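Trainee: Provided herewith is a single structure, encoded as C-alpha cells, for subsequent inquiry.
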C-alpha cells in the first residue's frame, strides 16, 4: 500500500515542490540581481522576459479562432515537412506488432499460441557460418556495452575509447558474471562488474585483477573468447564458424567509386518468426512477388485485405531472377524488375530495376540506381533463436538523392516486408517442397545456401533436447 501511494502521489509532490522552489527563488535577491545585471544585446534579461511575456499574451488575445486555426495547421505542416525532409526514418516493430491475426485476443497470447502450435518442419541447421550482424553501428556509442544473444552464443559487444567495436563472450571465466550487464569500458578493455577483472578485446586476455597481490602475474588461462569483428554498412558483424575456421570472405561495401560517399537516412527493425534461410530464400522465390507484393502499397500489410476494391485501380507489376555470382561463391544476386500500374496499364516512366546482393547467409545490399545517384538498403539478419530473427534495414543514398526520396525507398520496403512476415510467422518449413519448373530458382538457392552449414552446425532437434537457446 505504501509503495502504491508513493508511486501514485510522489511525482505530483515533487512537481509541487519544484514549483514552490522556483517561486521562492524568483523572489530572492540573487535571482533579481541576475535578471537585472545579466544583459542580452545590452538589455537586462529581466526586460527581455517582460517584453516577451507581454507581447505573447497580447498576440494570443488579439487573434481570432480562424487565425489560431491557421497557425495550428501551419505548425502541423512545418512539423510534417521537418519529419519528411530533415529527420531520418526510424521504425521498430517488436514481435507481435505485425504479421499476426489477433481477432480481439491479447497480442502476447496470440504470439505464444502460434509459436507453440506451429509445426517447425524438417529444418536445416539453425545457425549458419559467416558474417553475422549483431548490432547497428549507430546503437553502439563509444564506451557503451551491449548484451547480444545470437547464433547460440552470448556476446558482450562494446566500443572502446579508440572507436573500434569489440565482441567477446559475455560470461567472465572467473565466476561467470555477465560482463555486458554492468560491465564498464576501460580504455579498449571490458571490466567485469563482479570482481573488476579487466579483459582486452582483441585476444580476450585478462590484463588486470585489481585485488591480486602486487608482483603476481595474471594466470595465462584467464581469458575470454574474442570474436573477429568488422564494422561495415551500418552494422557490427562477427565471424561465426562452428568449425573454428578463419574468415574466408568479407562483405561488399555500399560505397563505390562512381557515387562516392553514401549518407544515412533511416532504419527499420522487425522481429520475425522464421528459419534464417527462409528470409534469404525469399529472394529466389520470384513467383511470390505478384501474389504478395502486387497489391498497391495503400492497401497495407495485412494479406487478408490485399484484394480490396478500394485500391484495385493501382497495382505493382513484378519480375525477377536469381543467380550465384560467378566470381564470388558466397554472393547470391537477385535482380528485380518493377513497374507501377494504373487500371492495369503499366506506366513506363515508373519502370525500375533493382539488385539485391546477398553477401553470405545474413547480410544483403538492395540497391536502386537512378540517373542522378544510387540508394542502397543494407539488410542484416540476426538469428537470436532457432526460429526467431531480428531483421534490421538501413537506407543510404548518394549525395544528390534527397532524404525524402531515400526514405520513400525504405518505407516501401518496410510495407512490403511486413507482408512477407505475415506468411513467415505462420508457415512451416518444407525440406522437400513440391515445386514446378518455374520454381527452379528455389532449389538453386537452397543448394547455394547449404555452403553456410557444416558438419557441426547445430540442429533444431539437438537444441530442443537441451533448450540451449
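Glycine too: its Cβ is placed from the backbone N, Cα and C atoms.
A quick note: this is a predicted structure, and the numbers were derived from the prediction, not measured.
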Trainee: Check each of the ranges 58-78, 79-99 against Swiss-Prot and return the one annotated as transmembrane segment.
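Mentor: Transmembrane segment, as annotated by Swiss-Prot, spans 58-78.
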Trainee: Using a Cβ cut-off under 8 Å and a sequence separation of 6 or more, which residues in the same chain sit near residue 174 ([2Fe-2S] cluster binding site)?
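Mentor: Counting only residues 6 or more apart in sequence, the Cβ neighbours of residue 174 ([2Fe-2S] cluster binding site) under 8 Å are 192, 194, 195, 197, 222.
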Trainee: What are the non-local neighbours of residue 172 ([2Fe-2S] cluster binding site), defined as same-chain residues 6+ apart in sequence with CB under 8 A from its CB?
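Mentor: Within the chain, residue 172 ([2Fe-2S] cluster binding site) has Cβ neighbours under 8 Å at 178, 179, 192, 194, 195, 197, 199, 224.
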Trainee: Applying the rule Cβ within 8 Å of the centroid of the Cβ atoms of 172, 174, 192, 195, what extra residues of the same chain belong around the [2Fe-2S] cluster site?
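Mentor: Those within range, site residues removed, are 173, 175, 177, 179, 194, 196, 197.
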Trainee: Check the binding-site residues 192, 195 for other C-beta atoms within 10 angstroms of each C-beta and report the one with the most.
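Mentor: Per the Cβ count within 10 Å, the most buried is 192.
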